[in-house]
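Asker: Shown below is the structure under consideration.
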């Protein structure tokens with residue numbers, strides 16, 4: 001197959017950041033994706049309906065002229081979140097609340113420290129129809145970073161899912177066979193997103209031959225057996241798994257430092273890279289479901305009506321992109337060849 005047309009896709013997990021960065025990140029995503037779930041981990045975090053609505057307006061202001069791109073907003077759960085916050089968020093059009101264990105990722109220090117105390121909030125979310133998006137890692141300092149996802153399932157996620165069967169839960173950016181198996185065996189209210197980097201890479205691509213800071217993300221890349229498990233589940237076409245890039249921009253100097261930031265900025269190549277993965281797996285017929293159907297169906301939103309055409313044509317991801325402030329950012333797969341390309345009119 002040398003050409004593939006799919007329903008216009010959505011990105012069910014990304015980071016736009018804020019301020020001048022929006023002039024880069026919003027157009028990069030809006031070129032192909034009609035909607036995106038926008039993460040709330042700003043400084044300060046987006047913890048309520050008012051902050052979410054204001055952030056949404058800043059994103060809309062950064063859309064390219066004529067764009068119909070729609071940001072889908074989320075709020076950031078803390079131990080101070082109330083049921084009224086959930087009610088107000090739902091009324092304001094917020095679609096989900098994000099659970100970050102404190103310290104799990106960029107700007108998550110304000111997040112949840114006593115997870116069991118949030119069970120009344122999960123009950124409110126179940127009642128009012130707000131989805132729960134989970135960064136599924138434990139964060140105690142003595143626990144090995146490669147074990148944190150599996151332990152989160154065991155300690156917390158299984159209990160949350162069992163306690164709230166009417167609560168839709170998205171296990172975001174899964175990285176392990178443990179997570180894939182958990183989602184596959186869970187009830188229909190549980191789904192997962194998978195990033196391009198976790199399908200394309202494993203921890204050797206981060207650590208062998210020198211540290212590769214632009215492949216560093218959280219949850220961290222795992223061993224190849226976990227990568228292969230993720231590739232296997234997307235190849236099945238299961239509706240429980242859908243596209244979430246976790247595109248997460250950081251300026252070049254913040255990645256290439258003694259204490260580099262976590263995140264891969266994949267917005268400019270994500271769909272094409274997913275196509276490459278599905279092609280490698282002999283499963284191109286499953287790409288449309290993963291990119292364009294399973295996500296809206298799980299969220300209870302209409303599927304998009306437009307289409308995107310990909311052609312089998314090699315191109316090279318730019319080595320750098322210059323941000324509006326003049327600083328460079330290195331995109332994911334910078335300088336690498338990609339075998340699929342979006343066809344432009």
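A Cβ is built for glycine as well, from the same backbone N, Cα and C atoms used for every other residue.
According to Swiss-Prot:
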- 246: active site (ACT_SITE)
- 13, 15, 98, 246: Zn(2+) 1 binding site (BINDING)
- 15, 16, 17, 41, 135, 218, 250, 262: substrate binding site (BINDING)
- 98, 135, 173: Zn(2+) 2 binding site (BINDING)
- 98: N6-carboxylysine (MOD_RES)
Asker: For residue 16 (substrate binding site), which of the recorded positions 98, 173, 246 has the nearest Cα in space?
Answerer: 246
Asker: Count the Cβ atoms, other than its own, that fall within 10 Å of the Cβ of residue 246 (active site), considering every protein chain shown.
Answerer: 29
Asker: Considering only the binding-site residues 13, 98, 173, which residue has the minimal Cα-Cα separation from residue 41 (substrate binding site)?
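Answerer: So, spelling it out, the nearest of the binding-site residues is 98.
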Asker: In the structure shown, which of the binding-site residues 17, 98, 135, 173 has the fewest other Cβ atoms within 10 Å?
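Answerer: So among 17, 98, 135, 173, the binding-site residues given, the one with the fewest Cβ atoms within 10 Å is 17.
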Asker: Nearest by CA distance to residue 135 (substrate binding site): which of the recorded positions is it, out of 15, 98, 246?
Answerer: 98
Asker: Say you check the Cα of residue 17 (substrate binding site) against those of the recorded positions 98, 173, 246; which is nearest?
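Answerer: Closest candidate to residue 17 (substrate binding site), judged by Cα separation, is 246.
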Asker: Whole-number Å only: compute the distance from the Cα of residue 15 (Zn(2+) 1 binding site) to the Cα of the residue listed as 'active site'.
Answerer: 7
Asker: Out of the recorded positions 173, 218, 246, 250, 262, give me the one sitting nearest to residue 13 (Zn(2+) 1 binding site) by CA distance.
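Answerer: Given the candidates 173, 218, 246, 250, 262, the nearest one is 246.
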Asker: Hey, how far is residue 262 (substrate binding site) from residue 98 (Zn(2+) 1 binding site), Cα to Cα, in Å?
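Answerer: Per the Cα atoms, residue 262 (substrate binding site) and residue 98 (Zn(2+) 1 binding site) stand 18 Å apart.
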Asker: Round to the nearest Å and give the CA-to-CA distance linking residue 98 (Zn(2+) 1 binding site) with residue 250 (substrate binding site).
Answerer: 21
Asker: Any idea what the Cα distance is from residue 218 (substrate binding site) over to residue 246 (active site), rounded to a whole Å?
Answerer: 9
Asker: In which DSSP state, out of helix, strand and coil, do we find residue 218 (substrate binding site)?
Answerer: coil
Asker: How many Å separate the Cα atoms of residue 250 (substrate binding site) and residue 173 (Zn(2+) 2 binding site)?
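Answerer: One finds 18 Å between the Cα atoms of these residues.
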Asker: Please find which two of 15, 16, 17, 41, 135, 218, 250, 262 have the most distant C-alpha atoms, given that the record lists them as binding substrate, and give only that distance in angstrom, rounded to a whole number.
Answerer: 19
